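Presented below is the structure to which this report refers.
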Ligand SMILES: Nc1ncnc2c1ncn2[C@@H]1O[C@H](COP(=O)(O)OP(=O)(O)O)[C@@H](O)[C@H]1O
Ligand SMILES: CC(=O)OP(=O)(O)O
Ligand SMILES: [Mg+2]
């Protein structure tokens with residue numbers, strides 16, 4: 001599936017072409033990346049796939065969107081399956097990738113007053129794409145969607161009820177970026193996202209901070225509109241709403257004039273005379289006091305949000321910088337972090353000044369031993385947008401029938417080295433007698449006996465190869481016969497399992513590891529992709545061809561490149577379903593996403 005993505009920001013147009021064959025972010029291929037920014041009456045700057053191409057003709061965002069088809073044609077890219085658009089404001093309604101049609105576009109248009117720098121540019125890209133590719137589906141992915149999970153205490157303004165009823169609430173923006181860098185941070189730290197209390201600082205022309213706990217956005221610095229919060233290129237960020245009355249009385253300004261100035265004439269532009277941080281930094285370096293103050297205010301405001309969000313989450317595990325300024329300005333990262341040592345956050349100067357962000361890198365720049373991890377990574381809004389649209393398009397397709405063979409595992413053991421030594425003699429090698437369906441696995445010629453307080457089970461199969469820990473898998477009926485209470489466990493999860501005695505020709509061996517194996521599916525990576533399943537998913541499998549037809553719930557999916565797709569149940573389960581001989585099952589309905597993305 002090939003998707004063309006448009007990301008119109010307040011100061012730049014970014015676009016990308018992605019091939020999405022696999023389900024994971026790592027399997028997405030970026031065919032082209034383009035940025036048009038630094039617009040002026042003389043034109044703009046163009047970058048293609050990271051390389052600066054020099055100047056181009058477009059003078060503003062609308063002209064930039066119209067220029068993209070030429071750039072695509074030059075790159076030989078003309079066939080797409082869908083066009084995806086970043087939409088800044090999606091209000092309460094758009095919580096996921098959504099097909100853009102007459103009615104959804106009307107709703108987005110109606111939100112324009114709440115994102116006057118963004119939604120018009122986003123809609124201009126949609127309209128241009130509709131004209132050029134009238135037959136292709138157009139999709140929107142919304143900045144606000146990620147923050148719809150924010151609790152009411154974070155989204156509610158303390159204002160009259162009638163205002164709130166009219167829709168006055170906090171939304172938050174840059175959600176696609178915050179979500180991506182959160183995932184990237186978890187990946188880089190090799191820690192599940194749900195275990196990380198993270199602050200993401202997206203510092204671009206627009207800038208926002210986001211508190212992410214348990215993998216979800218819990219607060220963000222932008223509000224009803226992308227005006228609230230941090231200092232931005234031309235936007236004020238937080239101000240006292242009392243300024244409306246003040247400016248009206250003192251200067252005769254009306255609401256629209258004040259609002260316009262807060263969007264377009266404030267922020268760095270107002271403080272330093274230029275909106276672009278590169279230029280502000282250059283002026284500050286040459287001694288310009290206004291630019292120096294602007295930088296100090298910018299950093300101070302960002303630092304206050306980091307502290308506030310650490311308090312909101314009851315602690316901070318990681319801070320991630322992204323956006324044009326967060327990615328490129330080591331000195332701004334330094335200024336923001338200075339003073340946060342009380343949180344256990346310390347930067348390493350060498351690491352901070354030598355970050356290399358190529359190839360989705362997410363380097364860590366905290367001092368060695370610091371409690372809070374600090375990372376820098378390029379945001380990848382276009383990639384996330386492509387990914388979310390591809391997932392939505394796949395979900396919209398009818399699911400293929402997901403049928404798979406069901407194999408019945410009779411009682412068996414997996415032995416470790418110590419067990420083989422004790423049962424068959426030191427250094428003994430088991431003899432593979434019969435290969436199993438999963439590659440590299442076999443049943444041994446040798447057998448063992450199991451002994452519990454109530455009885456013995458003779459001639460129990462041994463499955464190879466050897467494992468790091470001995471594991472004894474029996475049915476519930478077997479466990480009664482043995483007089484041992486075997487817990488239902490996934491293979492390998494042997495902590496706290498009961499002890500049992502094994503007998504072999506060379507002697508007896510006492511071991512933990514007794515369990516009733518929980519039903520599961522071994523699944524190849526190809527099948528998982530085609531069936532929209534991921535490792536760790538729980539599914540329901542219906543056995544409709546058997547005499548005692550039965551649906552098994554809570555079946556764990558275990559995906560591996562090497563696996564042949566097959567469901568494993570034990571003899572009690574097979575008897576309950578009336579299985580005789582080979583039988584198929586079918587994975588039912590929607591996936592219960594219990595463990596996925598955890
Ligand atoms: N090397 C750099 N040093 C400091 N700031 C930079 C650097 N490169 C880009 N920036 C700043 O990043 C901001 C633009 O960020 P970006 O994320 O590209 O914008 P947008 O919000 O339009 O997507 C501008 O203020 C620009 O000056
Ligand atoms: C919402 C927002 O401020 O976006 P950008 O950074 O693209 O201006
Ligand atoms: Mg941006």
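Using N, Cα and C of the backbone, Cβ positions are placed for all residues, glycine too.
Automatic prediction, not curation, is the source of TrEMBL annotations.
DSSP assigns residue 143 (active site, proton donor/acceptor) to coil, not to a helix or a strand. Taken from TrEMBL, the feature active site, proton donor/acceptor covers 143.
In this view, residue 381 (Mg(2+) binding site) is surrounded by 28 other Cβ atoms within 10 Å of its Cβ, with every protein chain counted. Per TrEMBL, Mg(2+) binding site is recorded for 7, 381.
Under the heading ATP binding site, TrEMBL lists 14, 202, 203, 204, 205, 206, 276, 277, 278, 324, 325, 326, 327, 328. Less than 8 angstroms from the CB of residue 276 (ATP binding site) sit 11, 38, 233, 268, each of them six or more residues away in the same chain.
Per TrEMBL, substrate binding site is recorded for 86. DSSP assigns residue 86 (substrate binding site) to a strand segment in the three-state reduction.
Under DSSP, residue 174 (site 'Transition state stabilizer') is assigned to coil, being neither helix nor strand in the three-state scheme. According to TrEMBL, the site 'Transition state stabilizer' annotation covers 174 (among others).
What TrEMBL records for 235 (among others) is site 'Transition state stabilizer'. DSSP assigns residue 235 (site 'Transition state stabilizer') to coil in the three-state reduction, outside any helix or strand.
Reduced to three states, the DSSP call for residue 205 (ATP binding site) is coil.
In three-state terms derived from DSSP, residue 7 (Mg(2+) binding site) belongs to an extended strand segment. Residue density at residue 327 (ATP binding site): 19 other Cβ atoms are found within 10 A of its Cβ, drawing on all protein chains shown. Fewest other C-beta atoms within 10 angstroms, among the recorded positions 14, 86, 235, 278, are seen around 278.
For the ATP site, whose binding residues are given in the record as 14, 202, 203, 204, 205, 206, 276, 277, 278, 324, 325, 326, 327, 328, the maximum C-alpha distance rounds to 19 Å.
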